[in-house]
């Protein structure tokens with residue numbers, strides 16, 4: 001990743017790290033890079049989530065885009081995947097989303113989509129970063145007739161809602177509980193599921209700029225679990241702040257995570273002959289129980305590094321149409337170019353309706369193994385070399401031998417911090433504790449700085 005761009009755009013604490021000045025430059029330089037080969041006046045869609053800093057950053061970003069002659073279509077508050085969908089289907093030059101996913105309200109981010117609806121590749125990000133770091137801004141500064149035009153485009157949200165409804169099936173009064181995380185889905189999820197005919201209970205639908213993801217949403221599903229049980233709902237659907245993730249809750253109040261959601265959708269598509277190459281793309285963090293369930297069904301898997309960016313890269317490279325992460329990013333490439341929590345939710349309820357099975361029945365086919373993750377502080381220079389340390393290598397091999405195939409160990413460096421992550425999965429919590437504690441003791445003794 002670069003100096004400004006991380007794995008999911010530019011992020012930081014709003015007004016301190018991600019300032020209006022930086023947002024203006026990102027609009028100006030990013031817009032220029034993404035539209036310099038356009039033969040007609042370029043058009044860029046801009047959306048945001050509900051953070052209090054969103055309008056401030058949007059104003060600065062839009063000014064930057066307009067300053068290089070780009071026509072800006074302001075979408076207002078809507079889901080990140082809605083921007084990707086609209087860019088691809090309406091022939092825009094690019095899209096920009098101002099959001100910070102599941103992060104707290106003080107953070108914000110700016111994420112670009114190319115004209116194909118996909119997140120920017122490393123080369124385009126490097127071009128933008130080079131302009132940001134240049135000593136002088138040498139980009140054109142057009143006079144009045146060359147400036148961009150600003151257009152409010154609320155109908156973009158309605159088009160996205162209509163599209164998601166078109167991919168579903170009538171729910172005929174199914175009781176559905178929604179948690180929109182006081183975020184981007186608060187403008188659309190209720191409408192989508194009402195149009196599908198669901199009987200709704202909704203929480204996390206009163207954003208005030210500061211309460212996005214605050215004890216609600218996909219990272220805090222506890223409130224939704226209670227609401228599902230109290231309302232007698234058949235399913236609960238929790239989105240994150242920008243609605244690119246989904247965590248579900250079954251009728252008993254139990255969590256159905258991204259691994260289980262991918263399995264349910266993957267099995268459904270496989271049985272219909274619609275799962276490309278009969279393969280699901282997942283990351284190294286997916287649970288062993290998920291892998292065992294896929295093996296039992298004869299479904300193949302491709303495994304990538306952690307991050308939906310890497311999942312999408314593998315899907316595009318190899319022609320797969322389903323992938324995702326345990327955290328709830330699910331990419332359905334036949335429908336959209338990026339993870340889409342509300343799309344995943346529509347597909348999940350469709351599968352329940354078509355199969356006549358409850359969510360707990362569908363999810364029961366995946367037995368999630370207990371998992372434990374411990375972070376150990378190490379010198380940055382050592383985190384990449386940990387697996388070369390003889391004692392560490394030996395203890396991992398010893399633990400894997402003891403597991404005899406009925407468990408999994410993953411030791412990997414953090415991509416952003418001076419940490420070595422030690423993760424284990426096994427049939428019981430006692431076994432998991434034993435494996436992780438044994439390995440971490442050796443790692444700390446050899447290279448730890450705690």
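Placed from the backbone N, Cα and C atoms, the Cβ positions cover glycine too.
Binding of Mg(2+) is attributed by Swiss-Prot to 240, 242, 244, and the same site annotation extends, among 93, 101, 360, 414, to 101. Of the recorded residues, residue 240 (Mg(2+) binding site) and residue 101 (active site, phosphoserine intermediate) place their C-alpha atoms 6 Å from one another. One way to see the shell of the Mg(2+) site is to take the Cβ centroid of 101, 240, 242, 244; the remaining same-chain residues with a Cβ within 8 Å of it are 49, 79, 80, 99, 102, 183, 184, 239, 241, 243, 245, 339, 341.
For the pair residue 242 (Mg(2+) binding site) and residue 101 (active site, phosphoserine intermediate), the Cα-Cα distance reads 5 Å. Sequence-distant neighbours of residue 101 (active site, phosphoserine intermediate) (same chain, 6+ residues apart, CB-CB distance under 8 A): 8, 80, 109, 240, 241, 242, 244, 245.
Residue 242 (Mg(2+) binding site): 36 other CB atoms within 10 A of its CB, across all protein chains. DSSP gives residue 101 (active site, phosphoserine intermediate) a coil state; it is part of no helix or strand.
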